[in-house]
Amino acid sequence: MPILIIALGVALLVFMIIKLKMNTFISLVVVSITVGLSLGIPWNKIAEVVEKGIGDQVGHLAIIFGLGSMLGKLISDSGAGHRIATTLTDKFGRRYIEWAVVIASFIIGLALFFEVGLVVLLPIIYVIAQEMNMALLYLAIPMAAALNVAHAFLPPHPAPTAIAGIMGAPLGQVLLLGMIAAVPTIIIMGPGYNHVLHRLALQIYHKDVKIPVLGELKTFKEDEMPKFGISLVTAIMPVILIVIATVVKYVLPKPWLLSKVLRFIGIPDIAMIVSLLLAIYTVGLSRGMKMKRIGQSLETAVKQIAMMLLIIGGGGAFKEVLVEGGVATYVSHLFTNLDLSPIIAAWLITAVLRVCLGSTTVAALTGAGLAAPMIATTGVDPALMVLAVGAGSVFCDHVNGAGFWMVKQYLGLSLKEALVSWTTLTMLMSVVGLVMVLGISLFV
């Protein structure tokens with residue numbers, strides 16, 4: 001019954017947005033309340049659950065999105081994004097620019113959450129797409145695929161790290177096997193999937209997409225742009241700080257003051273504010289921009305992400321009513337005593353949870369808890385189970401997931417276009433990831 005309720009809820013959401021042309025945030029809240037009541041959440045508690053879902057989701061992302069949008073706007077207005085874009089296009093050319101984006105996204109994705117990586121990289125690929133007269137989606141799909149695979153498979157990301165703890169798998173082994181699974185998955189689901197989708201659904205590759213937070217792109221003269229080195233360092237400073245903090249965690253004693261300071265500035269929220277303050281100087285004040293103009297850029301950036309934050313919060317409300325409504329418990333009962341390979345069973349349990357709950361992390365942790373007992377009974381390698389759960393956790397990102405709405409809003413896609421491109425991508429990515437894990441299991 002809960003599965004039917006979820007399916008009807010998703011159908012109602014699609015109907016409200018596409019047919020009734022209802023505002024997405026309002027539609028999400030209405031559907032969240034309807035589904036929550038249908039799942040048995042009391043009338044006097046449903047508002048509290050919806051508020052919690054919105055608060056948890058927006059509270060987690062508001063600082064990162066706000067500061068990230070300011071950083072992106074400043075990089076765009078100062079010409080730093082233009083400098084990075086023109087340098088990459090000159091070095092790689094149109095033919096190989098897709099691979100340059102994949103490599104850069106994967107490297108950055110090793111250190112950053114999917115959401116942060118998207119905020120950091122999007123202003124750069126936006127300018128590249130404009131420079132080369134390409135559809136933004138053509139570069140965004142390889143970028144998002146690389147970020148998402150890293151987020152699912154590789155420590156020190158929270159989900160695979162936590163799953164490894166639940167499964168009792170050594171982090172080093174998870175990282176090594178995760179890299180082996182991740183690289184071919186990214187190649188297949190980045191450039192490979194992109195080329196197929198471009199042929200089958202060319203109409204969704206719009207060349208006139210505008211990212212509201214970046215506004216109209218200015219054309220810069222050579223002497224108006226910062227140097228490539230300072231532009232690149234400024235743009236990826238959040239990555240640098242988080243990577244340093246990750247390395248320090250393993251090489252410096254915890255009590256040392258230096259260790260504490262570096263780990264502190266490597267917290268994503270702190271890394272973003274430090275990076276923004278640095279950018280205000282490196283590509284702003286030091287190049288003659290007045291503080292008033294810088295302030296106007298930052299204010300514009302914040303104003304233009306308000307609706308996106310509300311929509312993402314609405315996705316969080318939908319997820320919360322599903323969790324509170326006991327969907328995870330229902331799914332766990334469905335898969336009791338499954339007669340399947342433990343790797344496939346772990347993936348399947350997590351994938352179903354992901355579709356139902358809309359949260360990668362919740363699906364991964366719940367799936368890991370349900371699948372962990374299989375390790376003792378089957379003798380399967382725990383690291384492979386971690387990767388199977390990780391692959392399942394990214395399956396079918398759709399209307400109940402915050403990531404779906406991020407991608408839709410940032411890339412200027414309609415609901416139908418987001419389902420065709422992003423939801424399909426995450427479904428196939430998850431399946432390809434599972435195939436890679438099964439392949440590795442033949443040798444481990």
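Numbering starts at 1 and runs along the chain as it is shown here.
Glycine residues also receive a Cβ, built from the backbone N, Cα and C atoms like all the rest.
Here TrEMBL flags 26-46, 96-129, 136-154, 174-193, 228-252, 264-284, 305-323, 343-372, 384-407, 419-443 as transmembrane segment.
Most Cβ pairs under 8 Å with the transmembrane segment (384-407) belong to 343-372, among the candidate stretches 136-154, 174-193, 343-372, 419-443.
When Cβ distances are compared across the two stretches, the transmembrane segment (305-323) makes no contact with the transmembrane segment (228-252), since fewer than 3 pairs at least 6 residues apart fall below 8 angstroms.
Residues 68, 71, 75, 79-81, 83-84, 87, 108, 110-112, 116, 120, 123-124, 156, 258-259, 262-268, 270-272, 274-275, 278-279, 282-283 of the same chain lie 6 or more positions beyond the ends of the transmembrane segment (228-252) yet place their CB under 8 Å from a CB of it. With a threshold of 8 Å between CB atoms, the same-chain residues lying at least 6 positions outside the transmembrane segment (419-443) that come near it are 137, 141, 144-145, 148-149, 152-153, 177, 180-181, 184-185, 188-189, 193, 197, 201, 204, 341, 343-344, 347, 351, 380-381, 384, 387-388, 390-392, 394-398, 404, 407-408, 413. Listed by sequence, the residues of this chain that lie at least six past the ends of the transmembrane segment (174-193) yet keep a Cβ under 8 A from its Cβ atoms are 98-99, 102, 106, 141-142, 145-146, 149-150, 153-155, 160, 164, 383-384, 386-387, 390-391, 425, 428-429, 432-433, 436-437, 440, 444.
A Cβ distance under 8 Å defines the sequence-distant neighbours of the transmembrane segment (343-372), meaning residues of its chain 6+ beyond its ends; these are 2-3, 6, 151-152, 158-160, 162-163, 166-168, 315, 318-319, 322-323, 327-328, 331-332, 334-335, 380, 384-386, 388-403, 430, 434, 437-438, 441.
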